[in-house]
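Quick look at what TrEMBL annotates:
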type: TRANSMEM; residues: A:20-48; note: transmembrane segment
type: TRANSMEM; residues: A:55-79; note: transmembrane segment
type: TRANSMEM; residues: A:99-121; note: transmembrane segment
type: TRANSMEM; residues: A:133-151; note: transmembrane segment
type: TRANSMEM; residues: A:171-190; note: transmembrane segment
type: TRANSMEM; residues: A:234-252; note: transmembrane segment
type: TRANSMEM; residues: A:304-324; note: transmembrane segment
type: TRANSMEM; residues: A:330-351; note: transmembrane segment
type: TRANSMEM; residues: A:372-399; note: transmembrane segment
type: TRANSMEM; residues: A:405-429; note: transmembrane segment
type: TRANSMEM; residues: A:450-473; note: transmembrane segment
type: TRANSMEM; residues: A:479-502; note: transmembrane segment
Amino acid sequence: MTALVVRLRFRMWWTAMTRSSLHLVSSVVGIIAALAVVGLLGPALGLLGLRPPRVAALTVPIFTTATLMWVVLGLAAAGVDNVLDPARFAVLPLRARTLARGLLAAALTGVPALLLTLLAVAQCFSWAGTPRAVPAAVLGGVIGVLTAVLASRAVTTLLAGVMTSHAGRLVGASIVSLATLLPLALNLVAARGRRVDALFDLDARPVARAASWFPSGWGWALPLDVAEGRWSTAVVHLVLGVGLLVVLWTVWVRQLERMLTSPLTSSGGQRIGRGRILPVLLGSTPTGIVAARRVRAWYRDSRLVAIALRTAVLPVFFVLQAVITGSPGLAGTGVVTLAVFAGLTLMNDLAFDGEAWWLHVTTGLRGWEDRLGRAIASTLVFAPSVALTFAVSVWIGVIGEPLPWLAVVLASFLGALALAVGVGAYLPGTAPRTGGNPFAATSGGAAQGCLTALISFIGPVLLIAPVVVAAVLTRGHTAWGWAVVVFGGLYGLGLLVAGVVVGGRRLDARAPELLVQLGRAQF
Amino acid sequence: MTESAPPAIELSGLVKEFRGRRVVHELSLAVPRGSLFGLVGPNGAGKTTTLSMATGLLRPTAGTARVLGIDVWADPAAAKAVMGVSPDGMRLFEQLSGRELLRYVGALRRMPAEDVAARSEELLAVLDLAGDANTVVADYSAGMVKKISLAAALIHAPRLLVLDEPFEAVDPVSGQAIRTILRRYVATGGTVVMSSHVMELVEGLCDRVAVVAGGRVLAVDTVTALTAGGSLHERFLELVGAGQLVADDGLGWLGAAEQPR
């Protein structure tokens, strides 16, 4: 049974890769990235073996954090890689325990788990300086890897139960989208601290001891305990680590039992009000109602709620960081980044509609109306957030020269929107399934083509370059500053018009082909 | 019926290839105006592909499709304006409620807002969806999705209706309502083209039938002529040559008598 599930996973993976070049590209890129991580981190970890235990102790906080992040990222990927969704096995006469063994084996043979395993092997070499710690490192590595994989499975399955109702999806989306910001929060804390350039004088043991009492660090702490000769602590960590594995396994099997017996998700029967504000605000022209529908989607569609929340919280970190570190350009860059991100969220807007977009095709809606409507919706949703962040930053004084920054922010937002409505008509991208796991949305364009990623990265920089140059040249002149603000706004609007026209023409010319593409855009 | 007016749908030499595999083979078909036309065929016969090409949702590899005299692929917007379409299995905008969806489609078709409001309430009532008008389509059952999709196809009072499997998963009461709507629509000069694989339904409702299999038209005629020698069901099985798929001695192990334990 176990081997069968593993084979099934590889079979499905292979089929997906051979059927779609997008899958193939993202798989290859994923494997190359994984190899790069192992190639860079592996030897570094191994070299720690040449240093005394107080430096090798670094592995404990590193792997404790990695295990924690594993669970969070696992949630983000849950919707993307649901090849082995337990509910699919519901019609087969299978016991939960048997299935759990198979799914665990399948998870362990995936690229991410192999990556973690390889790093865990490298971690064993880190303790080569203290031979008696090496067996403990091996044991700790096994416990650590299993903890990461099992915890991710258990938590994902547990939360999948919550996700079946609409309200649950919204709550879950909020929690996870905020959790993915955890590394930023950590960075914020780290930015306060001292520089970590004195690795040779480093004594990582206090941090390591603190980390060792984290549930995700119990296993990884074993070699440190043994190296320091604290045998009683080692035993406690071992018992706790193994105990955690047992608890996680039990929880997971229980959840699987539940999923195997009641795979069907109940529909919530979500009822909604009549909505009177949007029609008044946007009118009943085709453009207006497309905009109204997309605005509604931003608060009704749990997939988009996750993205909106993250985009809204992101700038808070930038501003806070600017306040803490006192670097002047940071807050401005933060607002510009927010503006670009907010504009680029439109890039895969069509994929969120998916096949349902046939209603636009069959009603003869013109391409530019589709494009403009979406741009208006994104402006209504994100412009207040961008404006508020900018105003607050100026008010608390972290943006010293408002005028040049205002010009750049205006051009960035409109330019990114323009890029998204234009390119989005050519490369509709992908989105999580309608009503599916909203966590998948938090991984954004992870599985999207490299081309889209490249365009999203370079495009805005190229587009706003003229405004940046103008803003830099006129620094300090108020009159010229205002002129540049006007220039930035008009230039951005010009770009947006161009994006709407180019994207609209594409939609008009290739609607049926795009429709076929959109049928495969959700997974 | 009328001699001079072009047919409601005129397909000539339609070809569709997917990755070099031909699924529709130079298909030609004419649907006279004012008819309730049934398109029947086994699974994978190319019914949906053909209807998609006729309605501007899928570009044909070769051939032309005309609706009411308008070339669909030369002037898609004009062709789409005169027809209402309800494809099978294609999702709707699921974050909208049923009522919002109808208003949305009406506005996309540039209808006056008052007309859209009045017509959608009437459609919701007739199709027994009034109670769920404020529920999002995501939470609709399969039958309700069919009905709201039909309502969206009807809202602009098109002269031609193209429906893919309109009765699938629809309960008998709503099914009767839909039949009544379609009959009345045809009686007042409209044309309906619907696909189905329920022969009894087509036999009872349609006046003309085309049998399609393997991307080709096997027979086109009035229901009366096709069923002259028996039921449409028998005639269909005879045409597609699938009478003996399960031979008398096939699947012999499948039976209650030989259940192990």
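Here the Cβ of each residue, glycine as well, is placed from N, Cα and C on the backbone.
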Q. For the transmembrane segment (A:372-399), which recorded stretch in the set A:20-48, A:234-252, A:330-351, A:450-473 gives the largest number of Cβ pairs separated by under 8 Å?
A. A:330-351
Q: Considering only the recorded stretches A:20-48, A:304-324, A:330-351, A:405-429, A:479-502, state which has the highest number of Cβ pairs under 8 Å to the transmembrane segment (A:450-473).
A: A:405-429
**Q.** Among A:20-48, A:304-324, A:330-351, A:479-502, stretch most in contact with the transmembrane segment (A:405-429) (C-beta, under 8 angstroms)
**A.** A:330-351
Q) Against which stretches of its own chain does the transmembrane segment (A:330-351) lie, if we need a Cβ under 8 Å and a gap of at least six residues from its ends? A) 294, 307, 311, 314-315, 317-319, 321-323, 357, 374-375, 378, 381-383, 385-386, 389-390, 393, 398-399, 405, 408-409, 412-421, 423-425, 427-431, 445, 448, 452, 456, 460, 514, 518, 521-522
Q: Go through the chain and flag residues at least 6 beyond the ends of the transmembrane segment (A:479-502) whose CB is under 8 A from any CB in it; none is fine as an answer.
A: 368, 371-372, 375, 401, 403-404, 406-408, 410-415, 417-422, 425, 463, 466-467, 470-471
